[in-house]
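Chemist: The annotation active site, charge relay system is assigned in TrEMBL to B:Ser145, B:Asp221, B:His254.
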Number of protein chains: 2
Amino acid sequence: MERIEHRACFGGWQDVYEHASDTLDCTMRFAVYLPPQAERARLPVLYWLSGLTCNEQNFITKAGAQRYAAEHGVILVAPDTSPRGDDVPDADGYDLGKGAGFYVDATQQPWATHYRMYDYVVRELPALIEANFPVTDGRGISGHSMGGHGALLIALRNPGRYRSVSAFSPIVAPSQVPWGEKALGAYLGDDRSAWAQYDATALIADAPERLALLVEQGEADEFLEGQLKPQLLRAACEAAGHPLELRMRPGYDHSYYFIASFIGEHIEHHARALRDGG
Amino acid sequence: MERIEHRACFGGWQDVYEHASDTLDCTMRFAVYLPPQAERARLPVLYWLSGLTCNEQNFITKAGAQRYAAEHGVILVAPDTSPRGDDVPDADGYDLGKGAGFYVDATQQPWATHYRMYDYVVRELPALIEANFPVTDGRGISGHSMGGHGALLIALRNPGRYRSVSAFSPIVAPSQVPWGEKALGAYLGDDRSAWAQYDATALIADAPERLALLVEQGEADEFLEGQLKPQLLRAACEAAGHPLELRMRPGYDHSYYFIASFIGEHIEHHARALRDGG
């Protein structure tokens, strides 16, 4: 594991690391923000999963999250969104292949060898973080768009592992929208029964833990009607009695200006759960 | 003038406009952040000048300034850093030509026709803003690196025009460092007597107004020793009795992580002057 960026930020350090991932069979980068409190105490970790086309840089340069992480004493970890490198298969278009791992473990070729972002985010990355940084076992998870999908499904499938979960503009029902149908079809094959384990809306009915979901959604989001459809998640939560706070925000779109405007409230939400649960 | 971006942000709007500039003889873009208070009141304006390689996007996507502008009720205006377009001459390298206007009115060819960023920032852009947005005549000015140089020299040369001025990592003495010698030599010619009007340190002795300067500087800035040299500005201010608050920040570098960490304090500084002076 090698540190390749190290920059003072809000009294702490915004770092980027590179490491050889066994799970993904390639070199990966992830970002870590260590707030000033990390000099003298173990802190909980909020994992952030980014959306289509992103890498580990988008969140740390555009969301303005470090200010709030420093205020609340939370470490932020932001991985890349897919395996990387010349040996990794890719596809034309921005919504499949590199930058579009969809937080699944692919079963179909040519994807199955490297595209194992679910396993990477659930297992390998936290193990690396917990072995190398001053962290408690308090974990929260959040993300944007494809990463919001990732955060929701990962929390739903791993009871007890996360104390808090939230999402911005998530793809809540990938099995029912074009982005998800394309990606899940390619990575998992045509049998749609294999898709349900990577679909938050489909997972709600039998979720083994009723961890509350916080979802932030802009009403002027250009993908709201075609790809995001938060009403599908709401209906599933109502049917199952799963707690959901869905905040619809008039005027806001899909961009980082939206995330920046509300990331402070999300970090406060996670910090409260991580502190009380600690 | 055409609005080409319009995004909700911290309860207000982060917009980008395109217009035909008479001064620069090309199409230019500038960013405007309108905080929520702009719906119902005239507000003061803080002009932000960006550094080498930047355009109107860097500050609005990376500094996290909108939060503080919304808190204090200040409009933010961020122009591009040079004339643009296929007809505009350019040079090899990042430190001359496009993205490197240095906030001067060039007198030498091939630059003199388009490279008039001093006049654009002092005259044309504020006139456009004041004709089209709900602003008072309260103006502050700030910037980063080459833009910090621009903010300081523009405030020093226009007494009464700005109520507040600050800079991050400014090139305080361009006549004495490689970036400035290259740019001022190209835009203004070899006669160094013409350079002094674009050199904050040289302007201090005879400044017609003793407007206090606030300068933020990272001690781990990779350009500190070779290009920035804040001690030259400090010596000039001490000799002339010009008020300067130079804040040296251990650990911080030249990046937007540095700007983001302290932009809140700068916006508060400007807001106080703009409010009290209003």
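Numbering starts at 1 and runs along the chain as displayed.
Heads up, the Cβ atoms here are built off N, Cα and C, so glycines get one too.
Provide an account of the burial state, proximal residues and distances for the features listed.
Modeler: Neighbour density for B:Ser145 (active site, charge relay system): within 10 A of its CB lie 25 other CB atoms from the protein chains shown. B:Ser145 (active site, charge relay system) falls within neither a helix nor a strand when secondary structure is assigned with DSSP, and so counts as coil.
Within the same chain, residues at least six positions away from B:Asp221 (active site, charge relay system) with a Cβ under 8 Å of its Cβ are B:Ser169, B:Leu228, B:Tyr252, B:Asp253, B:His254, B:Phe258.
When secondary structure is read from DSSP and collapsed to three states, B:His254 (active site, charge relay system) falls in the coil class.
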Chemist: For B:Asp221 (active site, charge relay system), what is the secondary structure by DSSP, using just helix, strand and coil?
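Modeler: Reduced to three states, the DSSP call for B:Asp221 (active site, charge relay system) is coil.
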Chemist: 10 Å Cβ neighbour count around B:His254 (active site, charge relay system)?
Modeler: 22
